Amino acid sequence: MDASPKGGLYIADNIVNIFFAIDIVLTFFVAYIDSRTQLLVWDRKKIAVRYLSTWFIMDVASTIPFQGLCYLFTRDVKESVSYSLLGMLRLWRLRKVKQLFTRLEKDIRFSYFWIRCARLLSVTVFLVHCAGCLYYLLADRYPQQGKTWIGAVIPNFREASLWIRYISSVYWSITTMTTVGYGDLHAENTREMIFNIFYMLFNLGLTAYLIGNMTNLVVEGTRRTMEFRNSIRAASNFVCRNHLPPRLKEQIMAYMCLRFRAESLNQQQLMDQLPKSICKSICEHLFLPLIKEVYLFKGVSKEMLLLLMTKMKPEYIPPREDIIMQNESPADVYIAVSGEVEIVYSNEEGEQVVGVLSTGDIFGEASALCDRPQSFTFRTRTLSQLLRLKQSTLKEVMQAKQDDSVVIIKNFLKHQIEFKDIKVEDLVGESGEYDEANIPCNLLTVAATGNSSLLEDLLKVGMDPDIGDSKGRTPLHIAAAKGHEDCVLALVKHACNVNIKDTNGDTPLWLAISTKHHKIFNILYHFARISDPHAAGDLLCLAARRNDLTALKDLLKHGLDINSENHEGLTALQIALDEDNADMVKFLIMNGASIENVNHNLWEKGKMTEEALQELLQKREVGYPIAILESPKAFQQTRALEGKRHMTNLNIRDGICPRFSLHKGHPFLRNPRSEAGKLLNLPNTMEELKVIIGEKFRIDTNCTIITNEEAAEIDSIEVIRDNDKLFIVTEEELQRIHGINGYI
């Protein structure tokens with residue numbers, strides 16, 4: 001083929017040269033991104049230096065029309081191999097084509113699949129064109145025209161038109177590339193055979209490249225479908241292996257199909273890739289109007305809503321999926337954006353749908369605000385979009401925004417009262433009626449829900465812990481009666497009155513013991529006996545006055561002294577005699593109640609005969625010195641004969657049972673984390689104490705001593721006080737400590 005084009009091709013070639021020359025000029029004014037700093041460089045001097053030091057020379061060389069310049073100076077056009085080699089520099093322009101396709105592949109306005117296919121097709125056509133040109137070059141430069149691949153078919157091929165020669169060359173090139181080989185064109189000489197060998201080897205790599213790229217495009221487009229089919233196959237195998245019934249198999253398959261459809265709707269992966277500011281704007285546009293209408297957040301500041309909204313994550317949940325299970329303490333709160341969610345109650349008889357939630361409804365908030373398990377199962381009825389908010393996040397934001405926290409809990413309590421989820425009518429007024437606009441958001445309603453964290457927050461902002469309702473009940477009364485231990489601890493921590501009475505004369509201590517909340521009673525009694533020395537007597541006398549034998553037994557089990565006096569100086573036995581509660585009197589006497597301070601008139605008022613009293617005193621437990629009375633008049637003479645009660649198991653002091661902690665090891669040498677100690681009731685004697693030590697720690701107590709925290713030896717039970725910390729020291733540890741002292 002001639003080294004230089006003629007006619008129309010010559011004009012087209014020069015037009016292309018002009019375009020590339022313009023591109024060279026424009027490149028001096030185009031900013032670039034620095035590969036080291038990833039910053040956009042606008043400085044024209046830096047742009048020029050960078051271009052001149054990189055691709056400028058090659059761009060100019062591939063654009064210069066060498067034959068045109070030669071004709072301009074010599075007025076003569078010569079054909080030679082040198083011009084042909086210089087013309088090969090134009091292949092450098094392929095770099096621009098590659099950059100063009102790279103930009104188009106990243107342009108979202110165009111389909112990546114079709115741009116990729118166009119690029120592969122362009123590569124194939126260009127390589128076919130190059131191979132055809134080389135085929136013709138070999139034939140044109142061969143000395144014997146008839147011994148060439150084209151000369152065997154067209155004897156005078158040099159005289160044929162350019163179009164026929166080009167089509168013939170491309171035809172043989174593409175038949176060779178596709179390995180079709182019809183046989184009409186074939187190599188006629190050694191040069192052509194050698195070229196064919198290397199060309200077909202090259203075609204092997206090109207074919208692999210094309211097939212690999214097309215396979216990747218097709219597979220990527222069907223990846224999700226393949227994963228779905230694999231999961232369906234795995235589910236089918238699971239059903240067959242475990243012999244599940246057909247109904248359950250259909251449910252599994254239907255769920256997986258719906259799950260596959262819903263996956264394409266999830267947008268959290270995209271949201272995670274965006275900056276926080278953009279995510280915030282998106283959420284504000286999509287969900288802020290909805291969140292404002294949620295009952296829990298009505299009246300809350302926009303600042304808090306935006307803060308919560310940025311922490312929410314939108315999710316699509318397929319139908320028939322359980323989001324929160326009954327009696328489960330979920331970690332999240334959910335707001336329904338679209339779809340429907342069923343409220344399901346489960347019992348022994350089966351499941352019952354008690355309600356349906358739709359757009360704008362919230363669920364899981366009861367667990368977050370009351371620290372209690374959910375009473376229902378929440379299950380999607382249709383494909384639903386939900387906003388998920390972690391409970392810990394909600395609590396943290398509420399703690400940071402105290403004013404909004406009060407509004408939220410008020411909205412919650414209004415909603416709960418409306419649906420009768422909690423019994424707080426008595427906290428509102430004596431009539432039991434309430435006005436939704438004026439529901440008291442105070443410690444009473446919060447204590448009723450058992451939300452200790454919110455109760456703590458309200459106490460910190462200065463709310464009165466002893467606020468009472470219409471019946472005189474304080475938050476401590478309500479928390480003790482309902483068994484909310486954390487709320488009791490929070491109220492006691494903020495110095496509430498543990499001895500306060502309501503209109504019925506009930507104290508929190510009495511409500512705790514009467515409702516069998518023994519742990520709460522222990523907590524309150526510990527504080528009550530410090531502030532009121534008559535606390536034990538008041539409780540026993542109240543039980544005796546109300547003839548509540550069960551409560552009296554529970555009080556005695558907690559170690560209260562049966563002879564404790566109330567504020568009026570009366571004991572439970574005196575109250576029982578005054579109220580003429582015969583069973584209560586018998587129980588008190590049989591359990592060691594002292595008759596020393598009982599007035600003779602009370603015996604006569606209680607209709608206790610001499611014979612009945614003598615019988616009770618005879619039956620009383622062993623260890624009490626009993627005198628048999630001859631007549632009621634001799635009662636005063638027998639009081640001095642009654643001794644102090646002797647306990648065989650526990651040593652009761654001042655109405656409480658002393659306890660102490662016992663640890664193994666010398667207090668100066670012992671590692672505090674080596675072994676846990678034991679909390680024990682204090683016995684009556686040192687001998688009993690050593691027996692307990694031998695049983696609990698399985699050691700020989702004859703070779704040990706008992707010390708306090710200062711390593712002082714204890715040899716008397718009387719010096720041990722309530723809550724003392726004692727240590728068991730062996731002879732080996734004593735010798736060790738003496739050795740250390742001797743060394744020092």
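Even glycines carry a Cβ here, placed using N, Cα and C.
Quick look at what TrEMBL lists:
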TRANSMEM  15-33  transmembrane segment
TRANSMEM  54-74  transmembrane segment
TRANSMEM  117-138  transmembrane segment
TRANSMEM  194-212  transmembrane segment
DOMAIN    296-415  domain 'Cyclic nucleotide-binding'
REPEAT    471-503  repeat 'ANK'
REPEAT    568-600  repeat 'ANK'
DOMAIN    659-744  domain 'KHA'
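DSSP assignment over the repeat 'ANK' (568-600) gives 17 helix, 0 strand, 16 coil. Residues 371, 426-427, 430, 443-444, 446-448, 450-452, 455-456, 459, 465, 509, 511-512, 515, 517, 519-520, 523-524, 527-528, 531-532, 535 of the same chain lie 6 or more positions beyond the ends of the repeat 'ANK' (471-503) yet place their CB under 8 Å from a CB of it. With a threshold of 8 Å between CB atoms, the same-chain residues lying at least 6 positions outside the transmembrane segment (194-212) that come near it are 120, 123-124, 127, 131, 134-135, 138, 176-177, 179, 187.
With a cut-off of 8 Å between Cβ atoms, the residues of this chain six or more beyond the transmembrane segment (15-33) that come close are 39-42, 44, 47-48, 50-51, 56, 59-60, 62-63, 65, 93, 96. Sequence-distant contacts of the transmembrane segment (117-138) (same chain, at least 6 residues past either end, Cβ-Cβ under 8 Å): 1, 94, 97, 101, 105, 148-150, 165-166, 169-174, 176-177, 191-192, 195, 199, 206, 210, 213-214, 217. Secondary structure counts, DSSP: the repeat 'ANK' (471-503) has 17 helix, 0 strand, 16 coil.
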